Amino acid sequence: MNAETPLLIILGPTASGKTHLATRVAHEIGGEIISADSRQVYRQMDIGTGKDLEEYVVNGVNIPYHLIDIREAGDKYNVNDFQHDFTNSYRGIVAASRIPVVCGGTGFYLYALLKGHANDTVPVNEALRTELELLTNEQLTARFHNSQSHYHALADISTRKRLIRALEIATYLNAHPETNIDFGNQSVAYPAMLFGLNPPVETRRERISKRLSVRLKQGLIEEVQNILNQGITPDSLIYYGLEYKYVTLYLTGEMTFDEMHSKLETEIHRFAKRQMTFFRKMEKDGLKINWIPDEWSEQEKIRFVIQHYREFKSGNAGNM
């Protein structure tokens, strides 16, 4: 597939205002939203994933969106599924002479689109490497084969260096099963213009805390209970992490409400920090992100995004 129409990507950590800006930009530029969020693909998981579907109506106009509500709660969805579904959505949008506006905070998904593969997305773990360097090759090999990772069949462990990297990847995938990367998969690398939202840390923390309280009042606990009532196992919901993990632990009696609220709030803050770490990694890997000042007005942000995207699109067309 020839990726001709560049992606307009709006990324950022949780509670940075991505959806609001993306839908406004899409409205102005004749675009459609493609979600790059690993949990918004699931039906019924609305409040906890922050779908904010009301944002997709701008001045009375419905903004088309893709890759939201496409799987049942309890299913597994990974980066390879995303790449496949994204390609179909992209083709349809471009065929209709519309602009693909990608909005999301799942760095793995974005990286896979922009690099054409996902294997480089597993970050270096210096602490683990230091620990592994103390082991013999036999010990490393035994540890790798005891790691219970689906990466076994794909890994090249022909040298000590590659064996340590394989252990690093296997360890990461065990800690982040939702990524479920097929390292043999290759896909198109899309040209793209990236824009980032990154409010000051204190502002972000305030927004996260306020938003969590609002979501609890909006029925987050009832949403999780409803999914459990349909026969989805607690472990299946815990798998999705954050809101679904901790509210499930509360509903199954393993936490008090106050413990759940406090722990969940802390984990969302940590999650936002990890998102920013991944975006910085993307930049180190040569992906330029145009960071938009938080203090700008909405109209300033919209104008900045549209102007720079159009300039990029024009230049990209000239190079085809």
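A Cβ is built for glycine as well, from the same backbone N, Cα and C atoms used for every other residue.
Values in this document were obtained by computation on a predicted structure and should not be read as measured data.
The range from 37-40, 145-148, 177-180, 229-232 that TrEMBL describes as region 'Interaction with substrate tRNA' is residues 37-40. Of all Cβ atoms in the protein chains displayed, 25 besides its own lie within 10 Å of the Cβ of Ser16 (ATP binding site). Other residues of the chain with a Cβ within 8 Å of the Cβ centroid of Gly12, Pro13, Thr14, Ala15, Ser16, Gly17, Lys18, Thr19, the ATP site, are Gly105, Leu197. Around Ala15 (ATP binding site), taking its Cβ as the centre, 23 other Cβ atoms fall within 10 Å, counting all chains. Between the listed binding-site residues, namely Gly12, Pro13, Gly17, the fewest other CB atoms within 10 angstroms of a CB are found at Gly17.
Remark: of the recorded positions Thr14, Thr106, the most isolated position is Thr14 (fewest other Cβ atoms within 10 Å of its Cβ). Shown are the recorded positions Lys18, Arg129; the one with the most C-beta atoms within 10 angstroms of its own C-beta is Lys18.
In the region 'Interaction with substrate tRNA' (37-40), the DSSP tally of helix, strand and coil residues is 0 helix, 0 strand, 4 coil.
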